[in-house]
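Record features, source Swiss-Prot:
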- 145: active site (ACT_SITE)
- 169: active site (ACT_SITE)
- 237: active site (ACT_SITE)
- 240: active site (ACT_SITE)
- 263: active site (ACT_SITE)
- 272: active site, O-(3'-phospho-DNA)-tyrosine intermediate (ACT_SITE)
- 1-85: domain 'Core-binding (CB)' (DOMAIN)
- 106-285: domain 'Tyr recombinase' (DOMAIN)
């Protein structure tokens, strides 16, 4: 089993060119699946049947995985078996006919425009704060994913025309505009970046000069949110959700927001229409004379 896994890691790394973060996630999922199989006396991928795939999901649920995590585990396993079929290691994909547990639809959390203003209202001249403010401004102004922002290089960004070139999911490149506040914040950061003795072309570097890691960016946002008195936990995804929600509230152009977010399917973007409708419903309930609820 390990031999096929090692070949798969090389395939993901070299041919698919997945990010180290994605590769680590795949490895974590599949190694846990190997453990479940080994605990039940199954030592080859050829022995896995659809019923065993369902057993893996049931055992994963006992381990505490919820619907979304179970769907992810099934997706990873299904893709691995697709690879094994292509390599002629197995004849059929046993995960093809297995359905993931139905997920409850959770609306993504965002912060409102006033909270964004509160978040970014900091004119500290400390180099680390200048860097963090540039990260925040760019995340909110462009709706980038954490992985997209973390992988940016100096040549990815053009502050003159206010555009950033992004490599998104599936190695799909897109050009995303950003606003003048983000442009100004990035220019201020570029002036002091040299103080961090950068070791490569990464746009955002640590105080040791290395490219900021995913976790470091998450931690800096948490610290910034607390420092600025935000009432809720701050993370990169929340800024992405806020970008999408505020764009839709202002323009209602779902297709444009889809392009900006880098969603391959419109259905992924449509969850933000539910948020937008929620906002409209609240306005209606508070404003329409025939909609006000009895106390």
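Any Cβ shown, glycine's included, is placed from N, Cα and C.
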In angstrom units, rounded to an integer, how far apart are the Cα atoms of residue 169 (active site) and residue 145 (active site)? 10
Quiz question: given the active-site residues 145, 169, 237, 240, which has the greatest number of C-beta atoms lying within 10 angstroms of its own C-beta? 240
Counted with DSSP (H/G/I as helix, E/B as strand, rest coil), the domain 'Core-binding (CB)' (1-85) has 69 helix, 0 strand, 16 coil
Looking only at the domain 'Tyr recombinase' (106-285), what is the model's average confidence as pLDDT? 82
Whole-number Å only: compute the distance from the Cα of residue 240 (active site) to the Cα of residue 145 (active site). 7
Whole-Å Cα distance, residue 145 (active site) to residue 237 (active site), is 7
